[in-house]
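S.K.: Annotated active site, proton acceptor per TrEMBL: Asp371, in sequence order. Annotation comment: TrEMBL describes Tyr463 as active site, schiff-base intermediate with substrate. Taken from TrEMBL, the feature compositional bias 'Basic and acidic residues' covers 749-760. The domain 'DUF1965' annotation in TrEMBL covers 222-271. Summarising the annotation, TrEMBL assigns domain 'Copper amine oxidase catalytic' to 301-715. The 2',4',5'-topaquinone annotation in TrEMBL covers Tyr463. The region 'Disordered' annotation in TrEMBL covers 727-760. The signal peptide annotation in TrEMBL covers 1-19.
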Amino acid sequence: METGIAIFLFALILTVGRAIEECPNDAFIVPHDGAKPSVFDQITAPEINAVLDYMKREFNIRVSRKANMSENFVFLMEKKPALKHELLNYIDNGGTAPVREARVGLATSTGVEEYTVGPLPAPTYHFKADNPKWRELQFTDRPPTLPSDEDGIDQTVTRETHKLKKLMKESFDGFSFDRKCGNKCLDYEYGAVLVHNNSRILWVYFVRIIPPTIGEDISHTLALQILLNITGADTDQWHSLRAYYNGQFFNSTEELAEKYDTGEVDKIFQSFNESTDTFSTLKRHTNRYTKSSRRGPTCFPQDGRRYSVDGHHVKYLNWEFDFTNRATSGPQLFDIRFNDERIVYELSLQEILLAYSGLTPSWKYHTLILDGYLQTGLFISPLAPGVDCPEGASYFNQVIYSYNIGTPIEIKNAFCIFEYTDGQPLRRHYANDYFIPNGRYKYYGGMANNALVLRSVLAVYNYDYTFDFIFYQNGVMATKIGPSGYPITEPYNNGVRTTQGFRINRDIFAPLHQHLFHFKVDIDVLGRKNRHETVTLKMKSETDILFGDNKDVFHNQYAKRNLKGSEKNTTYKFKLHKPKYFLFFNKQAKKSKWGHPRAYSIENHGASKFLYPDDWSRVGSVAWAKYQLAVSKHHDNEDQSSTVYNGMNSKNPVVNFDSYFDDENLKDEDLVAWVSIGLHHLPNSGLDSPTTTTAGNHKSFYLKPFNFFNEDPSIASKDNVFIIPGEDGENVVEENPKSSKENCAPPKDTNKFEGNHDKP
């Protein structure tokens, strides 16, 4: 016994004393060069500065927060999309590179205008943009988030709340909205502008300002809201239209203050204790649920990375694509190929919709919130190594134009790329003859589901959305979202049961809402001339002879193909009782070995029904939300399904997605699929306090090969494992020879979280 222990300890000492080899850290990454952008790259820092210089000369613009409502102000800048035929002629045929131009949004005293400025990087011309699909821009399309507008709103709120000092301090435990509030200060938030009778109106609601170590302001909502009229360039004329306090409406803040003083108001007291009201903090603040102090597992590519990145061009095994971030809408992927065959020209986020309910006017009346009016891509978040992305991931910065600062800024670690093993094996089979006495198995075959992930996060005010674009070895692509962040809250009226949501802490409840995400998939399967067909699964019954004169009824499933000739019937509202495949193929391309068109299908694993009535006057601004999938003919002027202006005038939107479907021919044409995914969210204390958790809330859609290959291309992968029984009970294993190497230690990850942005 003692001898065995001694041998074990000696072996352990030898193992511990042996130096462990460090894993190779040999990713081939060529940094992005802003002076030499690719045709897919968004606008670069030198180009932004050149456009600003040009606009100063031509339009006498202001580029700082000091700009007022009467001055010209650049609030939007991104690369204008190149004409598709010009870009493809360049990359496929060696033609002339498309001229790079900037899309510039200009706020003026009368509203907003858009211009094309070019050529980049040294502009010499500009012209007013004209999209026949858009209605004319008006003052009411002006985003309220511009510095001059925000200053005007702040001045108006300050004027109106000056009358409510007593109410605020007495109702909200000494907190107030003024400069002398000390450490008991209030702030205000708002959802979106409503346009009514050509007026811009806006409900603002109040929250406590609390330190980040204690929690999040938005989780401390108070029972006071004010409706503002913010119409016109003269902010001195902006004023309140209505006030709301503890479930009661008043015609003005003056009326509220007067009735409060005379005791004609049902009052409320919302207390705050800095020591105990820490429910919304993200700091670990309890050991109640912790069973272990050990670290979680990590994963690192032991043979080095199997992908390379040149600027923003990615190659991974058989895949390659380009990626970027568009200021107005978010992440974009271009020219997605497998085995050098293009499948998708563009895959991009278009819009994010939050459809709210609520008891207070901010959420009862501001029902449809479009993140696009904020310019979603400006909210791309730096990623935290080891949390947002696994150890060994590669990181990429992103330049955007910040209208708040008036310069280009660089978001550090805005994208990450990594290879990981996705849950279950990509395939497996175990064969065993259970009736043989010795119980020998026949074989085992399988393959780990190793895939590449491109990840980015949009942190749009209270919500954080993680976007994964996943590339599998069998030719499947996935687009996946995971929502997190803080749910919107409303004051909880103790004892009053509501159908709008559940109480998640002492003074607040979180109203139910819906998240919807819209994506553009410009699908080019083996060329631009594609067809679209559905394959509907149906049932039929047959009476057949079993034997002799014995008959029985049998039900059989069958597939019915339906080629879509035009856009007339290609806006789909999914019905579970009519399951369908949605296929895209090039009839003129060579068929598969088995005689089938080489197609790709779109599968929506995140369908979420939009419950609002189609004929409601405000649905036109979010017409895409009605459909889980829609297919249209490509047009360069139908570049996006929404606009940064659709979030304002929802009754008369700048663009209505339904206008894209005018019964054009879809046979042998350049087709675009539009996909919406999402979820209904009924927040509850266990899953949404302090923040919403992603587990169980992921939604996705897939592009899957459908007879595109003669066999599964991943069968050739080095990741395959095949095992048969050998002699003396040993296994004969066929696998990657490198799998038998000793393990190595991951190199030290030098990446760190960089929350601040830099000027490039």
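Backbone N, Cα and C define each Cβ position, glycine as well.
All TrEMBL annotations are machine predictions without curation.
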S.K.: Tell me, what is the mean pLDDT of the domain 'DUF1965' (222-271)?
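M.R.: It averages 96.
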S.K.: Could you state the whole-number distance in Å separating the C-alpha atoms of the residue listed as 'active site, proton acceptor' and the residue listed as 'active site, schiff-base intermediate with substrate'?
M.R.: 10
S.K.: Kindly assign Asp371 (active site, proton acceptor) to one of the three DSSP-derived states: helix, strand or coil.
M.R.: helix
S.K.: If you count CB neighbours within 10 Å, which one among the active-site residues Asp371, Tyr463 has the smallest count?
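M.R.: Among the active-site residues Asp371, Tyr463, the lowest count of other Cβ atoms within 10 Å belongs to Tyr463.
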S.K.: Mind tallying the compositional bias 'Basic and acidic residues' (749-760) by DSSP state, helix then strand then coil?
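M.R.: Grouping H, G, I as helix and E, B as strand yields 0 helix, 1 strand, 11 coil.
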S.K.: Using DSSP, break the domain 'DUF1965' (222-271) down into helix, strand and coil residues and give each count.
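M.R.: Split into helix, strand and coil, the domain 'DUF1965' (222-271) gives 12 helix, 18 strand, 20 coil.
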S.K.: Does DSSP give the residue listed as 'active site, schiff-base intermediate with substrate' helix, strand or coil?
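M.R.: Once the DSSP labels are grouped into three classes, the residue listed as 'active site, schiff-base intermediate with substrate' ends up as strand.
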